[in-house]
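> Before anything else, here's the structure in question.
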Amino acid sequence: MAKINLLPWRAERRKQREREFQVMMGGAFLIGVLAFLVALTWMDRVVQGHQNRKDLLTREIAALDAKIKEIEALQEKRETLLRRKQIIERLQSSRYQMVHVFDELVRTLPDGVRLTEMVQAGDAMNVKGRAQSNARISAYMRNVESAQWLRDPDFKKSTLVGDDKGGAYEYELGIGVRRSEDEGSEGEEGEAAGDGSGGAGGTP
């Protein structure tokens, strides 16, 4: 019976299996590397997408901050203009008011009374002058009390200069200045009082 030597075939078979195993391991390694690269690329895209959205939000927030600052600057400019307008209106009102005040200071002087000095501080004036008698000073104070632009006369002093027959009285008064707003408020109060009295009179 003939004998067949199987050792070379087995060795060749073993080498073939080793090559197949190496090919499989190399393929698995390549697949793993490819999967890792795909995952890494996907993660990069995700991170880049988040970064793009973050950058967009940052730009929008910066644009909103710029608009807010612009609005605040416009608001501040508006308030500044309003303050200037109010100051100008007050100055104009004060100028017209002083014309009326000086006019009434003269018109309210009764005969025998004259002014020698006037100092104003805000809504208050201090006036000095000479009068023929204390009665004329009292008349001057009554005229001031009923004046439109003057109010609250305050007697400070009266000093006789000279003898009783030919002398004069040096006086000093405090006088308040009535502002146009006060006139308006008093007028409104008067109208309200008139309406109230009229309504009361019409009630049976």
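Backbone N, Cα and C atoms are what each Cβ position is placed from, and that goes for glycine too.
Pulled these from TrEMBL:
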- 47-91: coiled coil (COILED)
- 183-192: compositional bias 'Acidic residues' (COMPBIAS)
- 193-204: compositional bias 'Gly residues' (COMPBIAS)
- 175-204: region 'Disordered' (REGION)
- 21-43: transmembrane segment (TRANSMEM)
> Report, as numbers and ranges, every residue of the chain located at least six residues beyond the transmembrane segment (21-43) whose Cβ falls under 8 Å of a Cβ in that stretch; write 'none' if there are none.
none
> For the coiled coil (47-91), report the average pLDDT of the model, please.
90
